[in-house]
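Participant: What TrEMBL records for 97-519 is domain 'Major facilitator superfamily (MFS) profile'. Taken from TrEMBL, the feature transmembrane segment covers 23-45, 151-171, 178-196, 202-225, 237-258, 264-283, 350-370, 376-398, 405-424, 430-453, 465-485, 491-514.
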Amino acid sequence: MTTTVDDALEHGGEFHFFQKQMFFLLSLLSVTFTPIYVGIVFLGFTPDHRCRSPGVAELSLRCGWSPAEELNYTVPGPGPVGEASPRQCRRYEVDWNQSALSCVDPLASLDTNRSRLPLGPCRDGWLYETPGSSIVTEFNLVCANSWMLDLFQSSVNVGFFIGSMSIGYIADRFGRKRCLLTTILINAASGVLMAISPTYTWMLIFRLIQGLVSKAGWLIGFILITEFVGRSYRRTVGIFYQAAFTVGLLVLAGVAYALPHWRWLQFTVTLPNFCFLLYYWCIPESPRWLISQNKNAEAMRIFKHIAKKNGKSLPASLQRLGLEEETGKKLNPSFLDLVRTPQIRKHTLILMYNWFTSSVLYQGLIMHMGLAGDNIYLEFFYSALVEFPAAFMVILTIDRIGRRYPWAASNIVAGAACLASGFIPGDLQWLRIIVSCLGRMGITMAYEIVCLVNAELYPTFIRNLGVHVCSSMCDIGGIITPFLVYRLTNIWLELPLMVFAVVGLVAGGLVLLLPETKGKALPETIEEAENMQRPRKNKEKMIYLQVQKLDIPLN
């Protein structure tokens, strides 16, 4: 009789000392993935800025102006709604070095009506009101060049998309451990090279490379930890692996506050990746992968190591290891299988939209907070804290209430919070923070539930394909989000929130069209997946009907 991996783990320990040690080590990968995923908030922070005008500093010094007086006398005022502010992107075409200018309203001698004075572009760069630096201030990614900040964040999501689509094949072909160490090395090297990049182009290239390998490494860590633990612990471990990402958010806020200069920040958050290369001696290869490669002796050696670490021993009866495989004809999955039949097609479209929604709202809310927040460090920290109760609420509700209603409610709460935030007056900052935290909690819950439900709605032979195809919309959403946030805020600061509200509310409604998967066995065939919303007949009757169908002669 063949012994499966789960049988071996039952004897060697499903979640004991070895698994807890592996969980801690691999969760550190999730912590350090945070600066790559949402680091744009601090790396790409855009402070208040204005055109640099030669001669203004000298005139201000001669006249003894305060900073407020200098702004009032020499910088254009706000422009019409929907246009870039002249204060940030235009300057008066005035020779500030001429001696005829007075210290009291110097422009009055040129024209009594300032609006008639000619304006020109910022030919001599910008002045930024910040004690630190960001890629925006160093490479002047403002005004006509502001789209380059959008491209910077989109490039990392392009890397996520390509890397996550190929990682399944690479990890299955060359092994989890080897692939993990390779991604760690490339991620660390490209992160340091980005920190010392002399130009925007080189910085963009190294950020793209980080995107190619960083999410792939995060996914391999997720795969490894779920393959090391017993069946009954996989869901909880998966959720807490994602919660480690939240720990990374808190750490990032503190490090960014301590290091307001982007190069030092990038260098600091990259360094831990070099320490992860020590995992070569700490983390074994996945026994499940070894068995799939017919390396049973090596897999058995690892199982004995796991049992020894857990203070257990494997019985002598565990001689032959194998994987649980379906009997009968082996089916080859196809992309068409995801849309060929009506119910699976509906599942695919709704899941793709919800992955897209989760990514757009999650990244979008964080980016918008960086633009609208008074203190981005504190608000980033507070909004990250609410992700912990979100994870616990997912654990408490999915097996008691089910998946569908908490999932729909979390999307609706996120959408409603975005809608409400757009109309809260600026003097009620405390209320805005509370509503923003509710929105963040809602979309975090939705993100974690879609990860779980995606696999439960597809039959076995297209399950992995369905998860990869649907979750790829997460990276598509990440590519679009920077342009959505940074361009729409030029029209109205709260306009992105209105878009997020519509997207989130629609996602919540669509979730209600999906079947509930709580307490149901994973579908094995297309027929079972198609009938998930129909009442299940008793097992005996199902077997009888299947036999009757097989007795019908074929013409």
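Using the three backbone atoms N, Cα and C, a Cβ is placed for every residue, glycine included.
Describe each of these features in terms of where it is and what it packs against.
Facilitator: For the domain 'Major facilitator superfamily (MFS) profile' (97-519), the model's average pLDDT works out to 88.
Sequence-distant neighbours of the transmembrane segment (23-45) (same chain, 6+ residues past either end, Cβ-Cβ under 8 Å): 130, 134-136, 141, 149, 152-153, 156, 184, 187, 191, 210-211, 214-215, 217-218, 221-222, 224-225, 229, 237, 240-242, 244-245, 247-249, 251-252, 256, 262, 265-266, 269-270, 272-273, 276, 279, 282-283, 363, 366-367, 369-370, 376, 380, 482.
Nonlocal intrachain contacts for the transmembrane segment (202-225), taken as residues 6+ away from its ends with a CB within less than 8 angstroms of a stretch CB, comprise 19, 22-23, 26-27, 29-30, 33, 36-37, 135, 139, 151-152, 155-160, 162-164, 166-167, 170-171, 176-177, 179-180, 182-184, 186-187, 190-191, 193-194, 237-238, 241, 283, 286, 475.
Proximity of distant same-chain residues to the transmembrane segment (237-258), defined by a Cβ-Cβ separation under 8 Å and at least 6 residues beyond the stretch ends, is recorded for 15, 19, 23, 26-28, 30-35, 37-39, 41-42, 221-222, 225-226, 229, 265, 268-269, 377, 380-381, 384-385, 387-388, 391, 394-395, 444, 447-448, 451-452.
Below 8 angstroms of C-beta separation, residues 22, 25-26, 28-29, 32, 35, 39, 42-43, 177, 180-181, 184-185, 187-188, 191-192, 194-195, 224, 252, 255-256 of the same chain, each at least six residues beyond the ends of the transmembrane segment (264-283), sit close to that stretch.
Within the same chain, residues 37-38, 40-42, 44-45, 153, 376, 379-380, 383, 411, 414-415, 418, 436, 439-440, 443-444, 446-447, 450, 453-454, 457, 466, 469-478, 480-482, 484-486, 489, 496-497, 500, 503-504, 506-507, 510-511, 513-514 sit at least 6 positions outside the transmembrane segment (350-370) and bring their C-beta atoms closer than 8 Å to a C-beta of that stretch.
Listed by sequence, the residues of this chain that lie at least six past the ends of the transmembrane segment (376-398) yet keep a Cβ under 8 A from its Cβ atoms are 41-42, 45, 236, 239-240, 242-243, 246, 249-250, 252-254, 256-257, 365-366, 369-370, 406, 433, 436-438, 440-442, 444-445, 448-449, 452, 518.
Proximity of distant same-chain residues to the transmembrane segment (405-424), defined by a Cβ-Cβ separation under 8 Å and at least 6 residues beyond the stretch ends, is recorded for 354, 357, 361, 365, 393-394, 397-398, 431-432, 435-436, 438-446, 449-450, 453, 494, 497-498, 500-509, 511-512.
Here the transmembrane segment (430-453) has Cβ contacts under 8 Å with residues 235, 238-239, 242, 246, 351, 354-355, 357-358, 361-362, 365, 369, 379, 382-383, 385-387, 389-391, 393-394, 398, 403, 406-407, 409-415, 417-418, 420-421, 424, 471, 504, 507, 514, 517 of the same chain, all six or more residues outside its ends.
When Cβ-Cβ distances below 8 Å are used as the criterion, the transmembrane segment (465-485) is approached by residues 40, 147, 149-154, 156-158, 160-161, 164-165, 168, 215, 333, 335, 337-338, 348, 351-353, 355-360, 363-364, 367-368, 371, 451, 454-455, 457-458, 496, 499 of the same chain, each at least six residues removed from its ends.
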Participant: Let me spell it out: take the transmembrane segment (178-196), skip the flanking residues so only those 6+ beyond its ends count, and list any with a Cβ under 8 Å from a Cβ in it.
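Facilitator: Residues 29, 36, 167, 170-171, 202-203, 206-207, 209-210, 212-214, 216-217, 220-221, 224, 263-264, 266-267, 269-271, 273-274, 276-277, 279-280, 283 contact the transmembrane segment (178-196) from elsewhere in the chain.
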